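To keep things clear, I will list the structure first and then write my remarks on it.
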Amino acid sequence: MTTDTIVAQATAPGRGGVGIIRISGDKATDVAMAVLGHLPKTRYADYCDFKNATGQVIDQGIALFFKGPNSFTGEDVLELQGHGGQIVLDMLIKRVLEVEGIRIAKPGEFSEQAFMNDKLDLTQAEAIADLIDATSEQAAKSALQSLQGEFSKEVHELVDQVTNLRLYVEAAIDFPDEEVDFLSDGKIANALYKIIDKLSTVQASAKQGSIIREGMKVVIAGRPNAGKSSLLNALAGKESAIVTEIAGTTRDVLREHIHLDGMPLHIIDTAGLRDTTDTVEQIGIERAWNEINSADRVLFMVDGTTTDAVDPHDIWPDFINRLPANLGVTVIRNKADLTGENLDMTEEKGYSVYRISAKTGLGVDELKLHLKSLMGYQSNLEGGFIARRRHLEALDVAASHLQLGKEQLEVYLAGELLAEELRMAQIALSEITGRFTSDDLLGKIFSSFCIGK
């Protein structure tokens, strides 16, 4: 990281009541002397004139000075809070840039300074952007929890446990007790199992946090003419898909992005699944399976007039058996207006079964509540945190190494290989908070931030 002093507008561009210019770095004091004529008392609000190089007043407002390292960035920080007209703010930034050694900040560079100066870790820095971009109350609360260190705390605890176990294994290898076989005495195995269990819990929370941040991808799938497109239209609240009585009308993937009480939901309507010799329809079915395999949830659409079954294994075993092992499935028995079924939800062998009429809209509101619940809308979010895809990937890598380490211990009693898998898990977990992170990744993360953050 450079030692340049940087400046940027901290408030959103455009017209507003208040506009804030932020300066961070060693030259912040020089800016204060040039623009204000004095250095404000540290951490006190100072109402004063903001002047150009000839002494003319550009604006009037509040100046705040924070002496490093006791600032957000860890550097000397000066904030000039004036009126929110864009012309005035541009004039003020131009004046600041006249001071030698000042340059415009890159996107996210203030947060990057804070990260480099150990004022916050990478998950907390990312949480700043997530809090700004939050599209729901749940997302905002979870982002704030991450900003306050809840996610970091969980990861640090895992890193410490993995590190301690690794050091114990390595020490036992280097200084063996001839009377005790340390690999088979149960102590290491018990510690490893506890770490794996805790990691599994953190993965589940991170998965929920990722859904709250990025939205849940829901794929509507089933046989032709089951009412999939009608359900897409009912959930979207508009005629997004063409609906006819002709089986196979939908041949390509249709997407709708909606919000349920602020919770982002990505709905995918797919071609009806069946054996066909039609080349175009075959392509649509192949695309349907691609969407299913990357879904967070599948709505298995069933024409209720064709079967009384509710267990998906009885309805279409080949379809269920082809689904990814951990993919959640909700069974939708459609056309309840024709079958006369009660519009209710039941649990059948671990599956939620909803009875609706996509055509008339009956039961769709209950289904929406179900989808909101899956996204965490009704959950108690105390202690919950926001998570990104890269966090999930790092947790998955760590889990994979721990499972490999478990195999080395249980099957081969290979202490050296167990220690190596623990080391790799430690690195994967440390990438989440930025303890071990490449410069390329840091650049990618911070470049997605706002200029003044």
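Keep in mind that glycine also has a Cβ here, set from the backbone N, Cα and C atoms.
On a predicted model such as this, the values are computed, not experimentally measured, just so you know.
The following features are taken from Swiss-Prot:
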type: BINDING; residues: Arg22, Glu79, Lys119, Lys453; note: (6S)-5-formyl-5,6,7,8-tetrahydrofolate binding site
type: BINDING; residues: Asn225, Thr244, Ile246, Thr249; note: K(+) binding site
type: BINDING; residues: 225-230, 244-250, 269-272, 334-337; note: GTP binding site
type: BINDING; residues: Ser229, Thr250; note: Mg(2+) binding site
type: DOMAIN; residues: 215-376; note: domain 'TrmE-type G'
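Features as recorded by Swiss-Prot, highlighted on the structure.
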{"residue": "Glu79", "record": "(6S)-5-formyl-5,6,7,8-tetrahydrofolate binding site", "Cβ contacts under 8 Å, 6 or more apart": "Ala10, Ile20, Ile21, Arg22, Ile23, Ile62, Ala63, Leu64, Phe65, Phe66"}
{"residue": "Lys119", "record": "(6S)-5-formyl-5,6,7,8-tetrahydrofolate binding site", "Cβ contacts under 8 Å, 6 or more apart": "Pro69, Phe72, Thr73, Gly74"}
{"residue": "Lys335", "record": "GTP binding site", "Cβ contacts under 8 Å, 6 or more apart": "Gly227, Asp303, Gly304, Thr305, Ser357, Ala358, Lys359"}
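When the alpha carbons of Ser229 (Mg(2+) binding site) and Ala271 (GTP binding site) are compared, the span between them is 9 angstrom. Each of the binding-site residues Arg22, Asn225, Lys228 was ranked by the number of other C-beta atoms within 10 Å, and first place falls to Lys228. Ranking the binding-site residues Ser229, Ala271 by other CB atoms within 10 A of the CB puts Ser229 at the bottom.
In the three-state DSSP scheme, Ser229 (Mg(2+) binding site) is classed as helix. Each residue contributes its Cα atom, and for Asn225 (K(+) binding site) and Ala271 (GTP binding site) these two points are 10 Å apart.
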